[in-house]
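Record features (Swiss-Prot):
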type	residues	note
ACT_SITE	D221	active site, proton donor
ACT_SITE	H296	active site
DISULFID	C42-C68	disulfide bond
DISULFID	C223-C240	disulfide bond
DISULFID	C329-C335	disulfide bond
DISULFID	C357-C366	disulfide bond
CARBOHYD	N53	N-linked glycosylation site
CARBOHYD	N91	N-linked glycosylation site
CARBOHYD	N106	N-linked glycosylation site
CARBOHYD	N241	N-linked glycosylation site
CARBOHYD	N256	N-linked glycosylation site
SIGNAL	1-21	signal peptide
Amino acid sequence: MQSKTFSVLSSCLLLIATVQGQLSGSVGPSTSISDKKAVKTCNVLDYGATNDNKTDVGQPIMNAFEDCGSGGVIYIPEGDYLIQEWVSLRNGTAFAIQLDGVIYRNGTTTSQGYMFGISGGSDFELYSSTSKGAIQGSGYLYHMNGEFTAPRLLHISDVSHWSVHDIALVDAPMFHFVIDDASNGEVYNMAIRGGNSGGLDGIDVSGDNIWIHDVMVTNKDECVTVKTGSHNFQIENIYCNWSGGCAMDSLGSGTNVSNIVYRNIYTWNSNQMYMIKSNGGDGEVSNLLFENFIGHGNAYSLDLDSEWSSMDTVDGDDGESRPPIRVICPEAIPCTDITIEDVDLWTEEGDSETYVCKNAFGSGACLKSDSSSTATYATTTTVTSAPSGYSATTMAADLTSAFGTDASIPIPTIPTSFYPGATPYSALAGSS
């Protein structure tokens, strides 16, 4: 549903319950790169790889892991590499992968699964010392033929104390980066760029105590999205640059999400600024903080929807057709303790906008205050004048058009700014 324009948001604070939002402990690898290099460096060129974009690099990486997976650095020097054998590294400890080259998917390979998978183990780091390392999935070779069930790029599963940073993930045939049941991790200084179609998710994450910051995503589906089984996340300085937008979704049976912070989220020409999607199921979502959102040209702004179902594109591109604030909760189990404040929204088309609330209690927008009442409700509030502070800045790197699905997508340069006025927490590795 990524049609043209919707609204502009200058600042938004949404608070559910009382969380201040934070990590529960330290994140990132337990030992430094220099410590790992002091143990051993395994250059993939010594294990049969060649940087000619013709010879498979997958098996040489796995061979290098045999020597460096229990302590050391697997080094992929600058140059172009072809991957035909998908990489699966299991239960490594105190090791890193220094990806300074570019890995290209073999266009004739029909294997599914993840091109690059790290599972189990601890104290792991995937990074580029030049900030120019990348994985190029060449997904357009699938997409131009209408195929979207295809390989994914990067998977981190059940790993503790880890980081991924200073690399680009480009044109995934399916998902770009999936984090499953990982803990104490950090993701930063990344650029993810995919085609303009659903199912090409940027980052999907579940686990405990994870910090994701200073990341740019371009696609038409999830930007940075939290999945069930997520706790103690801090997600900030995120640049959804012509994307699907950030979300919390696939919340079905056994939902269990708590202590999640989204802060400093800039959303340009996307489906939504933030959406929580569910339809039935059971479980609990609690203690969420959404703070400092800026958006331009988005189809939806804040959409908490417990009646989500597949929808056709909504006609119209104004705030009356697409409510910028929409909080829809179940009749049997309403949402409580929601605070919406300091919100400045206005439509880019038309002269009015609506807020829609249903069985949601708290303060702000169209919420009802009395959650002790057993009466269900649904209400629509119409706003006919622009708030005084709704105008917001833009970013210099805002895209003027999406990338299609029938041509190669260029590898982007990782930006040095991900949110207006916010300095990234870490300088690019390649800047030193």
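Cβ coordinates come from backbone N, Cα and C, glycine included.
What Swiss-Prot annotates, mapped onto the structure for a quick look.
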| residue | record | Cβ neighbours (10 Å) |
| --- | --- | --- |
| C42 | disulfide bond | 23 |
| N53 | N-linked glycosylation site | 15 |
| N91 | N-linked glycosylation site | 13 |
| N106 | N-linked glycosylation site | 17 |
| C223 | disulfide bond | 30 |
| N256 | N-linked glycosylation site | 14 |
| C329 | disulfide bond | 21 |
| C335 | disulfide bond | 22 |
| C357 | disulfide bond | 27 |
| C366 | disulfide bond | 22 |
So if I draw a 10 Å sphere around the Cβ of the residue listed as 'active site, proton donor', how many other Cβ atoms end up inside it?
24
Among the recorded positions C68, C240, N241, H296, whose Cβ has the fewest other Cβ atoms within 10 Å?
H296
Which three-state DSSP class does C335 (disulfide bond) fall into?
strand
CA-CA within 10 A of N106 (N-linked glycosylation site), subset of recorded positions C42, N53, D221, C335, C357 in residue order, equals N53
Specify the secondary structure state of C240 (disulfide bond) as given by DSSP, simplified to three classes.
strand
If you measure between the CA atoms of C42 (disulfide bond) and C357 (disulfide bond) and round to the nearest Å, you get 57
Using C329 (disulfide bond) as the reference point, find which of the recorded positions N91, D221, C240, N241 has the shortest Cα-to-Cα distance to it.
D221
I'd like to confirm something. Which of the recorded positions, N91, H296, C335, C357, has a Cα closest to the Cα of N53 (N-linked glycosylation site)?
N91
Determine, using Cα-Cα distances only, which of these recorded positions is closest to C366 (disulfide bond): D221, C223, C240, N256, C335.
C335
Between H296 (active site) and N241 (N-linked glycosylation site), what is the CA-CA distance rounded to a whole number of Å?
10
